[in-house]
């Protein structure tokens, strides 16, 4: 299916929402939660790196990588490289973001892997890595035959969309989990911080929606390696 509309306006909407969500998560972690630190006596400062990297590094850059085929009026090979590099950066930052959550838990004597958010998160980052490696080998280097690339492309797109939906959904689970912990520790349920976290989650979902509207719309220039309409 396809919207029949131009992708560029939707991509601008996604960029705006990405900017808003990034600002909100930084305000939350720096202003309300005390800042970011790799080493600190206050182990919460270590954890604060996690939502920042997972949202800005993984969700937003991952979305920009997905949209790159539809939002840039560039040559096919240039868009392929942008797509590959942005996904690689998103994957690396996502891995670092997950590591900081483990680091915080280990240094605070908190059990690991006890929540649905953590289970889904490990699954998503694993599938994301598999998707990147497969895309690199088949579509970039050494590259599969034209027949393999043609047959693989629809599945590559669908699998990528599935993983990204899971990533956005799990980000919302993470916001909910953290906010629930904070509220059980005394944070005001109708306070400014609680509203900020909820609106950050909403902006994240809307960003994901605009990413999908972008890839389901018409690219500036058509080519046989773009995210094509799925019928």
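Keep in mind that glycine also has a Cβ here, set from the backbone N, Cα and C atoms.
These features come from TrEMBL:
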type	residues	note
DOMAIN	13-216	domain 'Cytochrome b561'
TRANSMEM	12-33	transmembrane segment
TRANSMEM	45-69	transmembrane segment
TRANSMEM	81-99	transmembrane segment
TRANSMEM	119-141	transmembrane segment
TRANSMEM	153-176	transmembrane segment
TRANSMEM	196-216	transmembrane segment
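Here the transmembrane segment (119-141) has Cβ contacts under 8 Å with residues 62, 80, 84, 87-88, 90-91, 94-95, 98, 113, 148-149, 152, 156, 159-160, 163, 166-167, 169-170, 173-174, 225 of the same chain, all six or more residues outside its ends. Confidence across the domain 'Cytochrome b561' (13-216), taken as the mean pLDDT and rounded to a whole number, stands at 95.
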